[in-house]
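Data first, discussion second: the structure below is written as structure tokens.
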């Protein structure tokens, strides 16, 4: 008996088959047929070319030997391609990931569609309950109007897009639907066409009227008024018998305040803009307000200001002398009349007192010409007064509010007695004009 272990294929490593060769009677001494018998037993698994299960007897010629062959040749092992020396392994992995990434479609320059509508340029507003249409032009959003349906708002957007951007514009519907509009919009500017679209919208009307700025008053007449302007909630324009009259009154006021860019109910060309009065001359604006920043100067020739014309009165009080009053009326020559015990002073000794003069307490007051008040003596210490003023005293600069220069002054005669040192904290004061 001969055992033969053969490996049939590389994929089935570890799988072997054993064959038992019985050649005991190969010389012709066995039972029946003179040919040698070959018996093969599979211990683990059978090869694909075995037709029957293990234990089946295969009759092979005696002269043939056992042949082991491989049906499918093994594929050669794939060697990994080496990465370039200048490229790191991580960079190669990133390039491979980018190559497998799907290509994203490029966005259009018109912007994304509206989230609240399936149409471009249409948005639904819950506060108003309308579909409003807008279009972007030169970085600004232009309002086209409010509509009851999204379809009508989309139509308005398409017309504006064709007018603003030409036939290559991105629109919601086909271009052939707007052939009639193309013929009409050639004669209009962008502003005029936007006004036409707004007038066609349902959001253009306010109140219970189809015209802008017109409402039905409770008295049965039509009221015209403008919205927020000059910090006011609204401006009342009046009551009219018909809607058209009220609408035209609103149009005139809108053109007056907003110029040629005003949104009107009718064509702005139907109004004579040059003949309309200015906004400052109308009763609806506070025209009496004078906002100029300036200081008003009184008129000296006015009868009211003549009563308040003031002069300068100088009163000097001392225990041993009577009141000394210096007064100059407005409009006369700058000569001061000084009364000292009913005796006028010589003009060569006319001087004004400084703030620290000895022996006198100056009291400059502004009084009207027709009312001359006599002031009582100022309180002084009870001690005896002895003073001797110098013959020449420095000039006193007049107050800025009195209107007199330093040269227009009057002097007081020098006293013959000496006074004790007088306190220096006695400034001039100017009480308000009566």
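Just so it is clear, glycine is given a Cβ too, placed from its N, Cα and C backbone atoms.
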Report summary line: The residue range that Swiss-Prot labels motif 'Nuclear localization signal', out of 46-55, 56-65, 106-115, is 106-115
Query raised in the report: For which of the residue intervals 281-285, 286-290, 291-295 does Swiss-Prot record motif 'EAR'?
Result: 291-295
Query - Swiss-Prot annotation (DNA-binding region) - matching range among 118-174, 346-402 - result: 118-174
Report summary line: Secondary structure of the DNA-binding region (210-267) by DSSP, residue by residue, totals 19 helix, 16 strand, 23 coil
Query - For the DNA-binding region (118-174), the number of residues DSSP places in helix, strand and coil - result: 16 helix, 20 strand, 21 coil
**Report entry** Segment-level pLDDT (mean, integer) for the DNA-binding region (118-174)
**Finding:** 89
